[in-house]
Amino acid sequence: MSGVLGIRDLGLQPYEPVLEAMRRFTEQRGPESQDEVWLVEHPPVFTQGQAGKAEHLLIPGEIPVVQTDRGGQVTYHGPGQLVAYLLLDVRRLSIGVRELVSRIEQTLIDLLASYGVQAVAKPDAPGVYVDGAKIASLGLRIRNGRSFHGLALNVDMDLAPFRRINPCGYAGLAMTQLRDLAGPIELDEVRTRLRGQLVRHLDYAEQTTLTGGID
């Protein structure tokens, strides 16, 4: 079992400053640095992963597009979507990347099950799905044995912008969200449940809430 997982609740934050802060944290951390999870919502933004292709951006319109260094293709972030950035020393956890992805997916599956929603992972398409519709996306980057980027769970948001792209590079991929499957949902409650599931599935002894900025 690992040590203490530090968790920061950042609220609503623009995407690019958080991206830069993740990169700095990953580059500057040492062998004893505490692993952290940053929980955040973003204003509307499309992000292109390293495998992203321009043809999957159909009609972005007024929503900005940001090129990132995570895995995967294009996705959408917006208010009402819970994003968790996983800043983990994967070597210290002694797990491979595939195992990390599987644990994150199971974290989401168990979280959704706590709301009575049956979700599954797909071996050929990272993320979590309910009856074929995607409810959570996953994209990581590993640098020097440390992960950054993470997961995005659709909780209670406007799904319309997903129709402006081919989500994750799949034309016509249906998207869904927790509100439509389980009724009215408090994002704070989902955030709390996600914290507990991450600690359990990533095998940390406990969690602690971190305060202060990420500059």
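Cβ atoms are placed via backbone N, Cα and C, with glycine included.
The domain 'BPL/LPL catalytic' annotation in Swiss-Prot covers 31-206. The feature substrate binding site is assigned by Swiss-Prot to R70, G71, G72, Q73, V74, T75, Y76, H77, S137, L138, G139, G150, L151, A152. What Swiss-Prot records for K134 is site 'Lowers pKa of active site Cys', and it gives sequence analysis as the kind of evidence. Annotated active site, acyl-thioester intermediate per Swiss-Prot: C168, in sequence order.
Shown on the structure are the features that Swiss-Prot records.
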residue	record	DSSP class
R70	substrate binding site	coil
Y76	substrate binding site	strand
K134	site 'Lowers pKa of active site Cys'	strand
G139	substrate binding site	strand
L151	substrate binding site	strand
C168	active site, acyl-thioester intermediate	helix
Using other CB atoms within 10 angstroms as the count, which residue among the recorded positions V74, C168 scores least? C168
Ordered by sequence, the long-range same-chain Cβ contacts of L151 (substrate binding site) under 8 Å (at least 6 apart) are V83, A84, L86, I104, L108, A136, S137, L138
Neighbouring C-beta atoms (10 Å sphere around the C-beta of Y76 (substrate binding site)): 26
By a simple count, how many Cβ atoms lie within 10 Å of the Cβ of S137 (substrate binding site), its own Cβ left out? 26
Residues that sit under 8 angstroms from K134 (site 'Lowers pKa of active site Cys') by C-beta distance, when 6+ apart in the chain: G127, V128, P167, C168, L173, A174, M175, T176
Among R70, G71, G72, Q73, V74, T75, Y76, H77, S137, L138, G139, G150, L151, A152, the annotated substrate contacts, find the widest CA pair distance and round it to a whole Å. 16
What same-chain residues, at least 6 away in sequence, bring their CB to under 8 Å of the CB of R70 (substrate binding site)? T47, G49, Q50, G139, L140, R141, H149
Please work out the number of neighbouring Cβ atoms within 10 Å of the Cβ of G139 (substrate binding site), leaving out its own Cβ. 23
For a quick check of packing: other C-beta atoms within 10 Å of the C-beta of G72 (substrate binding site), how many? 23
